[in-house]
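**Q** Pasting a structure here, questions to come.
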Amino acid sequence: MQVDLLSSAQSAHALHLFHQHSPLVHCMTNDVVQTFTANTLLALGASPAMVIETEEASQFAAIASALLINVGTLTQPRAQAMRAAVEQAKRSQTPWTLDPVAVGALDYRRCFCLELLSHKPTAIRGNASEIMALAGIANGGRGVDTTDAAANAIPAAQTLARETGAIVVVTGEVDYVTDGHRIIGIHGGDPLMTKVVGTGCALSAVVAACCALPGDMLENVASACHWMKQAGERAVARSEGPGSFVPHFLDALWQLTPEVQA
């Protein structure tokens, strides 16, 4: 199994495209992370929108550059709105990303996420336990936390990618991004990133934005992982703990440039 690395030139090119296109991302995400997710997108140069009313969600999915479905605080009314948005995204050919939070631990969301897979997400982003559960290989995870190493989920990610046509992202100490055939590994980041609520969910929003960019989608999505890890490293160097990490992280995202990547 060959795992390629993302080059600086590839990351720089993707960031140039990101700044050039400034994707409008329709974030149907969980209540805990909405502000952090929006600020992450803004810091990178995208435009976030949090539209959750069923009728509006369907309408907005046709307008947005990309759609994010994050099931972290799933309710039946929210599931109805998400379903409507995904169906409209499919009709409008709007790329959409699924973040199957805690899918291996809870039955209702697992059934809902499996239903959504039939609508062929453009990308799927989760931790190892979530990706393995979604692929039907194992049920695991401790709530939103993974109990598996990211590398162990690569076969599940490849299977899921081939079955759905999605780019699948497994996040962990090393992130792995695959289209079912190619695999890109992204090293970096810092353990402190796991002590702040929302870094993974925010990454899913950036992944969604990158799905709206032209060019090589696998490389664009892998670049999203690289930017977040890079910003995390820079933020940790300036932080004293989780409380000071968040503003430094947003600043680091803001300061990323294609020239720095290259």
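Any Cβ shown, glycine's included, is placed from N, Cα and C.
Annotations for this protein, taken from Swiss-Prot, read as follows:
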BINDING   MET50, GLY198  substrate binding site
BINDING   ARG125, THR171  ATP binding site
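Are these features on the surface or tucked inside, and what are their neighbours?
**A** Under the DSSP three-state reduction, GLY198 (substrate binding site) is assigned to coil, being neither helix nor strand.
Following the DSSP three-state reduction, the secondary structure of THR171 (ATP binding site) is strand.
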**Q** When you measure from the Cβ of ARG125 (ATP binding site), how many other Cβ atoms are you left with inside 10 Å?
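**A** Within a 10 Å radius of the Cβ of ARG125 (ATP binding site) lie 32 other Cβ atoms.
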**Q** Cα of ARG125 (ATP binding site) to Cα of GLY198 (substrate binding site): how many Å, rounded?
**A** 13
**Q** So among the binding-site residues MET50, THR171, GLY198, who's got the most Cβ atoms within 10 Å?
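**A** Sorting the candidates by Cβ neighbours within 10 Å, the top entry is THR171.
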**Q** May I ask for the distance between THR171 (ATP binding site) and MET50 (substrate binding site), taken between their Cα atoms and rounded to an integer number of Å?
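**A** Just about 24 Å between their Cα atoms.
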